[in-house]
Each structure stands twice: as C-alpha cells, then as structure tokens.
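All remarks here apply to the structure that follows.
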C-alpha cells in the first residue's frame, strides 16, 4: 500500500494532473549519477553487492534478537538459542541518482527530474501570501500499479512490528481527501531563490568544485540568462529563463501568495507532541522506538536502551543497504550527550565495580558487557551482539540460566538490563598505570587596562569568594576534591602561592613568555577549604594591585601553556577559566594580527575568515588534550579579536567560549556572572576518550563536536560536560538485517571530579528496513537539523558559502523527492508532498540558511559569525532546535493564575502586534518586545512606569514588583534562564516593528 504524507496544494497557476499527458509528475531521470552523499568523501562509498562480502563469522553464528524485527524484549533477548533466520535479499534499487525508467517515457517527452522539479516548486513558493491552493482529488488506486517506482504493496510482505506510540498518519489512494485542503509547505523564497542543481555532487569536506558553483546540468540552471527570470513550466515545474530576444513560451497568471498559516507549524507540532506524550513515561525496551520530541516534558525508564537524553538519532530505522541510503540521502547519524543532565525524578546511572578484573568485554571487538550479549551453553559462554564472536564467561562472572535461557541475576546487574551504566575502571585504563589525582581549576585573569577600567577584575574577584564554595563534588561528599589556582597576566604572567600556612599570598612573575614554566609547585594548586583565608586575601588585593596599570597589551598562548605545564607538574587534569579582553598583540608566541577583511565576504576566500591561524594554537590544542587541560574562554572584546583563532583551543578541548561585546558591569555583569556560575558548577568529566562501536554492517565514519581526533576511531576530549553533544555519522559497509537490527555502543573513559577513573556506557538498538517508508516514518527532524547544521558549519572552513548553501538546498530537495517518488501516492506534479515526520524540516532548513555563519553579509561581525559556528559545533539536539526556531511567547494575554507554562506562537514578525508584549528567546539571547500601543496598565505592572514613553535605556532585568503579572513574567524568565545551558542576556525593546532571525 502506498503512503500519503503531508500534501501541499499547488498555487493556482500550476498545472494539474493529466495536463500535457504528464501523469504523476515524474519523468526520466538524469543519465548519470548526479548526487554526492552529504558530508561524505568526494567518491561516495559503494558497498559491494550482497553476497560479495562475508562477515568475520559465518551467518549461522549470528543469533537474531527475539522476538521480532522491531521488538526488544528483555525477558528473552538475553539468553537462549534461537533458530537462525537468514536476512532477505536486499531490495533491488536503481543506480544511485538514476531513477527507474518510467512507463511514460515512451509516451511523452521527458519531464524534469523529480529533484529538480521539487527544488523548482519550493523556489517558486512565497511565504507572505494569503491565497489557499487548490487540492486535486487523489488518483484512483490503479495508479499505484502504473507507477513503476512505487514501493510494492505492503500486503505482500510482513511489515516490521512497530512499537506503540506516535505513528505517521498517511493517506491511502483509496481514502477520500480531507474536506479542507492541506496547505502548501513552501520553503521561503529567501532559502530557495536562485538555487540550482549545480554542486549537488560535491560533498562538503572535499575541495571546492571548479568555477563558482561546480558543474551544472543543462536545463537545470537557476537563473538562465542574466535579467531573465525563470518561466512557469508546462508540467508545474519551472523552465530555464527565456533566451535573449525570445519571450518565454509559457506565461500563466501571476502566482497568488500562500497563507503563512497554511504552512506546517513548528509550534503546533511541538504542542501536539506535548499533548500526546507529555507527562508520560517513555520506556526504552522496544528496539527502534522513536522518542518524544526534545521539547516534550516526559520521564524515561531505562529498560535496555539508552535514554534519548543521552543519544538521539536522525532515524530509528536504518536502510538495509548502502544503495537505499544513497537513494534517500537521509543522513544516518546519532547525537550523543554522554553527560546529559537527568531530571530529579529519573534514576542516576548505576556504577558497577568488578574489582581488579575490570569490566567484561568481547575478546574480538572489545565491546563492553551489555543487554545485547547472548548467553549460551548453560551460561558458560556468550555471543557478542556486535561482532557475533563467542566468548568464554569469566569464572567470577558465571551465573546459571533459568528455564527461559536468561541469567538468574539478570535484574541484579545493570549491565545486563539497562541501556546506560558505568564501570569502575582498573589501573589498565589509567595513564602510566597509576590512579589519577583529583582535577584542578585555574582562574586566569587578564589585568590589562581595559579590564581594570571596566570594573571586570573586581567583579570576578568578588564573585569567586562565594563561587568557590560551590565547586562540584561527588554525591554524598561534604566538600569538593577539586583544587584551585590563580594567575593574573598582561604582557607577563603572575603566579600566586596561596598555601594554607602563609599569612599573605606570594606573587611570582614570569616575564619570559617564550619559554613558559610554572615557578612554583607547592602552594599553587591548593584545596580551597584549607586555604580559604589566604585566597580571600588574594582576591581582595588583586583589583588594588593593578588599579594604576597602563598596560594594554596582552599575551594569550603563553597563558594556556602555563596551565598545561601546571597540570603536568601536578600530574592531574583540569580546566582553565581564562578572562580575556583583547587580541594578543604583545611580542610572544601566539601573537595575532588583525585579519578581518570585509572584502572577502561573498568570495571564495571568505572561508579564511573562519579558519584559525595555524602553528602555535594547533600545537597547543594537542598539548592540552594530551594533558587533560580543558580551556573555557570568557571574552570581553570592544573590537575584532580573531575568535576563529583564539577559540580554537577551547573548541578542541571540550571547552566553551563566552562572548560579551563592549562589556559594561551595570548592564552585562549579571549575565556574565550567571554564565560563570553555571560553568563552574556543571557536572563534568576530565581526560576523556570515547569510542563508538557498532554491530556488523555499518560503522561510525565521521565525528562533529568540540573534540580532538588523533586517529579515525578515538574521540579525545580534555573534558566533557553535561551540555556538550557529539554528532556521529554512520555508513554501511555491508547489508543490515531486518531480523537482528543495528546496535551501537558509546563507551566513554573519563576521570571523575573526585579523581576516579570510570567507563560510562550507552547502548542503543535500531531497526533496519528495506522499505524507505519505514525510514522516513522513523526520522527525527530535530536530530536531522543538528546534523545538517554541524556538517555545513564544518564545510564552510573549506568551501565557499555559496556551494554550502546549494548543497543544503539540493539535499533537502533530494530527500523530499525520494519520499515522493518511492513512498507517496501518485499526485499532481505541482503538489509538494512531505513525510509526516519531516513536514517542518524545510522550515528548520530555512532558518539554518539564515544563521549568521551562512549569511554572507558585511553587516555581520566576523567574530560573531565565528563564535556562533563554534558554539553550534558542540550543541546537542535541544540547543540547535531552540537556536533555529526561537520561542515567541505573548505576555499581554497571559493567564496570571494558571500553573500551565506559557504557550508560544509562531515565530514570525507578522505575529507581533502594536498592542502586544512578547518574549523571544533562542537559548543565546532573550528579548522583551514591547509594542508602541502597549497598554499603560501592562507597562505599569511590569516596569512601574505610567507609559512606554517613560521607559529609558536597556535594562538587564525586570524590576521586582508585587503584582500578579510581574510575578508571573519574572517566573517565566527565571525558569527559562535556569533551563537553558547558557545564561541568556536579557534585552527589552520598545518599537513598532522588528525583524527576527527566523
């Protein structure tokens, strides 16, 4: 049975089915492969045909996961043998980029390829119009047979068992159309206008294609002759522009604009998911189960698969073959947040300690014991679920099996029954086979003229007196084991001895920044509780000590080098908190020059603005990772500082970069202090190394994030905290089985804040399918856009922005065209049909295209663009979702007595009203928008002012007033500030019109 996804009606001027003898909207495909895999190598990976490649063990050795292709049942999966079911042969598919020949090729002239047609459709649509499109009736059921590219009716095969939960509604050709026609789903003209199919074959990581846009297929140009717009095509698509002196052959009536309300609404999708799954328990005992959205409030019960708070996937049903993956172009990826914070009502990870023997692992692939291991031979052996190797069970780990073939201690061992857990690591997992020391925090303060004059140094010192009392500590511990140290610097570095036996702190100056060393060992890194009095004394003295400084030049690379040397000397890992204000121009290693050149914007050399300067900082990143030295950078610039280079070390060591332009204590001080408090107190692991293992048939090939990689498999991080997310892309190297599914295991080795070496394990099982409809139905849009954002942001280091934007547009069109061709009912060529699970994906893609790094504009600060690029690379799914589609909350009509959270509206300028008050937040900034005609009563309640005219300047917080509206709004704002990973700067604006980013 073919499936109908989200159907968008055509504009009035587009052709209907049957016109021009062009049925169904598809013509012959291109004569050569046209599309390269997104983010892949220049030559797309081609798996050998089924039967040409053998796994390392015989097929008979693999034991399927009972009882069904999509059901993970902890009661029977663990143990017992099962009859071997050989996987069905892979579905026959056409060569990649070349759709099957159509029956209509012999009857009519060929039409445009589906992907070109879809791109043209989306290019032609407008977001600001108000006309409802026409809905053509569905074709008769017989049209399913007429389309050779339709998926076979599902009645001829047993469909995989789907878990209970949200299913994508689809319309059968036999169903009657809805009474009110569904709306068109355009991508805004800003996204698609001027795009072409050129460059589709160029993946991101490779060199830029020749010419301004790579190759261009004849007939697929986006602009035609200069000055000649594209003309509406005969079959609903668009033709190339008319040639000079020759008018276009088709001139239909002007297109009527679409009603923005007819576009699928992200806020509605979020609200619907909250209504459907909010407040419920999500149990992870079903393989390939699609979790609730990241915006939904739900509780997770771990029963064999990792919580979606730790791992989310772009699709939870992988295609069985590489050909299917190439055909649909949907990226296969997982976004992993190994240290994600858990709500208080969820159980923290259990810690398993096997003593000196350490964790039980597969002898061949080294996967750790998990729920996917199959115990056989009375419990004396087990078969690895990842590589199918049969291993002997260690004597200490032996346990009998019950009558169902399951270990008797199944529920007593977290590693057998849970998806996420921790092992205590042995000395074999430690450097030099020695247990690590507790980590340290070093606070490094720039005391140059700018920071002293602004009051920043005094602000930092005052805050540290209280903040050091709240250093993170292990559960159940009274005090933190983290040691602290202090450095101030300008052109030279000042180290401080704060040993507890001293009456006054001692300063030691290192002026030779070319050969950095730590002048003292004993007394530099100390326990805060022991040396509290000396540290208080130091923090009081620092602002006065440099009050009369006139030094404006600073160093930067030697500051990081000093931290590395300190950690090496103390034989511990840790984090540097660097508070810096300007570009390092003093004569020292890492000196930078101003290379900000607006003339490079929108040229092939624009990518150099995002590239860090090589040499000193590249080596520093390696040294930091090797020493477990994480760098967090707090920047307070008043002009260009080359963030692309200065943030290179933090971005490779698992650190964060915070930027406060033109910092003023009065307006920005509280924002900075909230960030500092969150950063110091967040849960974190140090000196980490991560590896992602997969079952046979696919493998992890690419990694995105604030990471460093010395080889192709090990992800190294000097530290990893609860907000950092890594995105991992997978590719096929063999055929996957629908019966056994696909397994992945993320293993993270790290040092705790108390100095214990541990292994954190996250396991996840996915479905596999030879039906593309299952893949599309199991997609998760929020994860997809996270992958696309990180892929694009990495690509702009090597390719012109124009090429990157074209690849984004073309792959979006390709994914949707593949769904239409293979999964949807035949329909008019002019209709845009979207998978239900991806119906808002074009809106997210439109937002991504309009983010600062991908917009070539001289009005945007180069540092701001570089900062956003680096921030997104380390984001998890919830952070990218919020950044790309901000929350717009109306406050003027809020129910002050309701306990329900405020309901956002569509994030569009058209939603703003002159009489309204709105709160806009995207996880980075928060705006309070005040309409010019706002009610004086509302202004009085919020600001204690008689009218909007009396509001002056920008305030950093709302005044605390004793009335219901003020309490409600301040409660909403404080709740959002607490919930987000970054402390958002609060701005209020009173104006009639404003332009939003998305």
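Each residue, glycine too, has its Cβ placed from N, Cα and C.
What you see is a predicted model, and the numbers here were worked out from it, not measured in a lab.
Positions annotated as region 'Disordered' by TrEMBL: 1-184 (among others).
What TrEMBL lists as compositional bias 'Pro residues' is 175-184.
Feature annotation from TrEMBL assigns region 'Disordered' to 196-261 (among others).
Annotation comment: TrEMBL describes 213-224 as compositional bias 'Gly residues'.
Positions annotated as domain 'Sec23/Sec24 beta-sandwich' by TrEMBL: 685-769. Confidence in the domain 'Sec23/Sec24 beta-sandwich' (685-769), given as mean pLDDT, stands at 95.
Positions annotated as domain 'Sec23/Sec24 helical' by TrEMBL: 781-880.
For 901-972, the entry in TrEMBL reads domain 'Gelsolin-like'.
As a summary of secondary structure, the domain 'Sec23/Sec24 beta-sandwich' (685-769) carries 0 helix, 56 strand, 29 coil according to DSSP. Across the range of the domain 'Sec23/Sec24 helical' (781-880), the DSSP-based residue counts are 68 helix, 3 strand, 29 coil. The domain 'Gelsolin-like' (901-972): residue composition by secondary structure is 23 helix, 12 strand, 37 coil, according to DSSP.
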